[in-house]
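Annotated features, as they stand in TrEMBL:
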- ASP313: active site, proton acceptor (ACT_SITE)
- TYR401: active site, schiff-base intermediate with substrate (ACT_SITE)
- 20-105: domain 'Copper amine oxidase N2-terminal' (DOMAIN)
- 113-210: domain 'Copper amine oxidase N3-terminal' (DOMAIN)
- 235-650: domain 'Copper amine oxidase catalytic' (DOMAIN)
- TYR401: 2',4',5'-topaquinone (MOD_RES)
- 1-19: signal peptide (SIGNAL)
Amino acid sequence: MLLYLFFFFFFSSLLSCKAHPLDPLSPSEFIVIQQTIKTSNLFSSTPLYFQYIGLADPDKLLLLSWLSNTSNSPPPRQAFIIARSDHQTHELHVDISTKSIISNTVYTGFSFPLLNFEEQTAASNLPFNYTPFMNSIKKRGLKSSEVVCTTFTVGWFGEVKKSKRLLKILCFATGDTVNLYVRPLEGITIVVDLDLMEIVDYTDRFVVPVPVAGGTDYRSKKQKPPFGPRGKPVTVVQPEGKGFSIDGHSISWANWKFHLSYDVRAGAIISLASVQAHDAKLYRLVLYKGFVSEVFVPYQDPTEEWYYKTFFDAGEFGFGLSASSLQPMSDCPTNAEFLDGYYAAQNGSPVKIKNVFCVFERYSGDSAWRHTEIGIPGMVITEVRPEISLVVRMVSTIGNYDYVTDWEFKTSGAIKFTVTLTGILEVKGTSYTHARQVEQDIDLYGSLLAKNTIGVNHDHFITYYLDLDIDGYNNSFVKAKMKTVNVIDGSSPRKSYWTFVKEIAETEADARIELEAEPAEYLVVNTNKKTKIGNDVGYRFISHGASSISLLSDDDYPQIRAGYTKKQLWVTAYNVSEKWAAGLYTDQSRGDDTINTWSQRNRVINNKDIVVWYTIGFHHAPYQEDFPLMPSLSGGFELRPSNFFETNPLIKTMPFNETHWPKCTNNL
Ligand SMILES: *[C@@H]1O[C@H](CO)[C@@H](O)[C@H](O)[C@H]1NC(C)=O
Ligand SMILES: *[C@@H]1O[C@H](CO)[C@@H](O)[C@H](O)[C@H]1NC(C)=O
Ligand SMILES: *[C@@H]1O[C@H](CO)[C@@H](O)[C@H](O)[C@H]1NC(C)=O
Ligand SMILES: *[C@@H]1O[C@H](CO)[C@@H](O)[C@H](O)[C@H]1NC(C)=O
Ligand SMILES: [Cu+2]
């Protein structure tokens, strides 16, 4: 019996472990990569530090052909690696099955790769062995045991020569609070050369009071009763079990199936999202691949200690590296399932992030569709379908900020993308303690939130890479512009109406879209595939708020680095090397490898494999309620089927049938 069980588990685990070519690198694959590079002796004389290791994108046509017949051999699994050695950035490709290095080139551009955790930790510790800093702490009446330091990227401000790999260090007081970000030691600038791992510049220009700790600790155990507004606990129960299944990294639910992967830079990667037609078993591809490509966060304070704060959270800090382990029952509802993620440490060894994703069915009591019919004599017909959707969630905590990213699949065929901002504001210390002290002509670059505390104005621009392949990879981008038509010939009592004037974007120049510039709908269609009555199948973009664009001047250096943030939507021709909105190398980037530079090639995009870049944008002017922690603020967009289905797929969905559920009451 034991033996039998053993074999049963052995075979079932073999079956479920069948790797998909898009699966993230596994712990054992990280070790193969680490060992392959180590034993190659390419870097035997100088230490090698890994900055990025991830799955190299399999050739798209090979992958599509494997998908069409999975009996064929899948595309080879290869890893893409960025490493630092001897002051140089190396790009390597390693073939995992043959355990061989396929390529090793030195990057010669101006910018630098992702930071890893270990070097940031090492840099953060440097000030504590640096006498001028210890004097600065003393000057502020603090002990080193109540000071912590963290790392900040330096940006680029027009330097012509190649810079060193630098970081700035900022320090904060903890003391009677864990809310360190609200207690900055203002006035101090520490610059670290990461290759030398030493402080190369230090200034302490002025002292302002460190904001007090009182009232800023957000831990529940620190809150004295009575609590504030409070509802009763809520739980989610699925009496008939979960409606989705996870097989390795492939997920299927209702009429959807897709692949979910983890990448240390992008975080969640959704691939091969396909939806069933309601009258057929056939799955139709919608999204070949989608992920958060970049998160640009420029602060709006030009002073010496703040001007450089223009962060690229994905390209500099890793949106996936910064992922938090999700807390069951609070980060995700009680009916969620969790998946782990793995990345490579600085030395190449695998590191696990437990519960990096959660997957759950969302039911919030809303309806997906309803109607009451009283028009037929003798009857009242009411039909309501509950809205249940499937959510994939990741939370990325980049220093003070927490970004909740949700990918939500709906039975209507829509995919909804939501970003929620929360966490702690990055505040600036000041000597002001009351708004009346601030003279009319003084710009605080933010607003006074508490005594000695300014919440600095800033933006968040979250840019999605969306390789839509609607019923095939040759797609087109349609601008359906709404125009007012005046009826001037007296043929109608009406004097005007609106209608659409549709344009297909021929080249990339026709697809740089500022959403609010004119009333229009924007669609991706497949002109080679029609519905039965002859419309092009497609999906359209619907904004759900947060569509701000950058207000910086075009010649400002941060804007040059993120020029794409002046438009919410760009379409480019598919190119496997064009994945990262602000460039493969973002740290100290100069804007030479961004969506807008690619778009300047002005490639043909009509009936081609195209990629849509969609930016969710928030202007964030802090208010007192954002202090000492920020209530969640959400925005996003939706991709909604638009002549993709023959009719509304919801017609085939069923209402809940509670007759055999356990009896629950809400008056326990
Ligand atoms: C799939 O590929 C296998 C092996 O190459 C071949 O024997 C089989 O006929 C193919 N199936 C289809 C449906 O093309
Ligand atoms: C896509 O379009 C290209 C021409 O731009 C053509 O060569 C190719 O066969 C098309 N592919 C499909 C699957 O229609
Ligand atoms: C693909 O993108 C890379 C990086 O932008 C570029 O160097 C290359 O020329 C592009 N290839 C094509 C065919 O456009
Ligand atoms: C609801 O469930 C009960 C018990 O399982 C079953 O007898 C009944 O047919 C169901 N009704 C519908 C509309 O599915
Ligand atoms: Cu903000």
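Backbone N, Cα and C define each Cβ position, glycine as well.
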Calculate the distance in Å between the alpha carbons (Cα) of TYR401 (active site, schiff-base intermediate with substrate) and the residue listed as 'active site, proton acceptor', and round it to a whole number.
10
Proximal but sequence-remote residues of the same chain as the residue listed as 'active site, proton acceptor' (Cβ under 8 Å, at least 6 apart):
GLU294, VAL295, PHE296, VAL297, PHE319, SER322, SER396, ILE398, TYR401, TYR403
Would you report the average pLDDT that the model assigns to the domain 'Copper amine oxidase N2-terminal' (20-105)?
96
Inside 10 Å of the Cβ of TYR401 (active site, schiff-base intermediate with substrate), count up the other Cβ atoms and send me the figure.
23
